[in-house]
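J.: Following this message is one structure expressed as structure tokens.
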């Protein structure tokens, strides 16, 4: 993410700006970009639990789910590397695309990068919906993954630069919120299409991803690029003209000069990655990396990717499993609102610590219930116990949605200094995608081998990350970004040893 984009409008400055049609279109683009990402996350778990889909592409898995043989384990019905690759290939492609997207957002601009993302989304949707082989399915997911990589780089950046200062935070949270709505919509659509006779419902589920894809592409064609991007690429007059247009006023000189200055400063930073790995930048770097690793080791994506498959494994019928995943999706959406409301009131640490306790209890209960009631070759999970499992999964999802979900991205974004913020964001996204891929590719195999212990495995990590928060994560609520070093790192009992007055400003890499 170019540093110029992150240096606009300090919190203390309020530039004159109206809510113009361009800003409204930007909101819609944020929604379609977030919906697209969330839909891609949610749709895969639903279609992989549909018998017609499994029968066509994964017949061995289909056989295991339809006919229970004496040697088959309840936990191993879906253990198939190809099935996992269908889900995880998207995130591996997104990881790769992120590096290209970082280049295109800087050189080609935000607008063209979003257009590229939309085209990738459309191509991926067409390939998936018309797939007649596993290769077409995987290629479609790879194309969607490329779209995710480009969209996740460009859309939030576009929003932060287009939005008036007073609603910038709300718009950035809106993107994350729309991801959860996308997951819920995917679960609802999967529930409906699973009832279509003829076995083609999964095609409709995959095809409907084309709706936000087309909206994102259309939006990218309609809007102008951001003033920051235009100025950064040398189009000063065009940038000033667009700034007047999106602010709805001719009184933009102060904001224009600040963007020009921010662009100049960012271009002086020649080696942000070298800066990033210097000693005094180690605290925010370690925090950012560990937040991404821990976010995935909560086990949340295992549940979001494979919720219907997971509930099927637990002995629910196909309809019941899809219905249960709809419930968890709705809980995810509503609980994200809790974070939006409370993150600046109670603080980051309090939300993370409370959620850690709630996730630990929830996953432990699920693991114990399954250990007692769901054996390898016998299912004694009663209706009452099944309800307990769903409630505990919902409890887990809700606590994640107001803690590690949004805060896993928020905290890294507010702790890096300007000169390393671009490189820090790249590392944050990269680590997240790597571990998302690892979890997506390995969960069903882990479920087969660890059985009910998979929940105890993740709950163990929740304990570790809660201890990390307790001792090593400082509170950043209410601290201006430009004062993070003085008010946070220099005051922390552990991280202050990495900060020295003579090393805060790094000049030799500029």
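Here the Cβ of each residue, glycine as well, is placed from N, Cα and C on the backbone.
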J.: Would you please say which range out of 285-309, 485-509 has the annotation transmembrane segment in TrEMBL?
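T.: Going through 285-309, 485-509 one by one, TrEMBL gives transmembrane segment for 285-309.
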J.: Could you check which of 115-136, 225-246, 247-268 is flagged in TrEMBL as transmembrane segment?
T.: 115-136
J.: Of the ranges 57-75, 171-189, which one does TrEMBL flag as transmembrane segment?
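T.: Spelled out, TrEMBL records transmembrane segment over residues 171-189, not the other listed ranges.
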J.: In TrEMBL, which of 142-159, 358-375 is tagged transmembrane segment?
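T.: Among 142-159, 358-375, the range TrEMBL annotates as transmembrane segment is 142-159.
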J.: Can you work out whether the transmembrane segment (426-446) touches the transmembrane segment (115-136), with the criterion being 3+ CB pairs under 8 Å where the paired residues are 6 or more apart along the chain?
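T.: Touching, no - the transmembrane segment (426-446) and the transmembrane segment (115-136) miss the threshold of 3 or more Cβ pairs under 8 Å.
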J.: Are the transmembrane segment (201-223) and the transmembrane segment (321-343) close, by which I mean at least 3 Cβ pairs under 8 Å that are 6+ residues apart in sequence?
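T.: No, the transmembrane segment (201-223) and the transmembrane segment (321-343) are not in contact.
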J.: Counting only residues 6 or more past its boundaries, what in the same chain has a CB within less than 8 Å of a CB in the transmembrane segment (171-189)?
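T.: For the transmembrane segment (171-189), the sequence-distant neighbours (Cβ-Cβ under 8 Å, at least 6 residues beyond its ends) are 26-27, 30-31, 33-43, 46, 155-156, 159-160, 163, 204-205, 208, 212, 304, 307, 322, 325-326, 328-330, 332-333, 336-337, 340, 401, 405-406, 409.
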J.: Let me spell it out: take the transmembrane segment (384-405), skip the flanking residues so only those 6+ beyond its ends count, and list any with a Cβ under 8 Å from a Cβ in it.
T.: 176, 180, 291, 294-295, 298-300, 303, 311, 314-316, 324, 327-328, 331-336, 338-339, 342, 351-352, 354-356, 358-359, 361-363, 365-366, 369-370, 373, 465
J.: With Cβ-Cβ distances below 8 Å as the criterion, list the same-chain residues six or more beyond the ends of the transmembrane segment (321-343) that contact it, or say none.
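T.: That would be 42, 45-46, 49, 173, 176-177, 180-181, 183-184, 186-188, 190-191, 194, 303-304, 307-312, 351, 390, 393-394, 397-403, 405-407, 410, 477.
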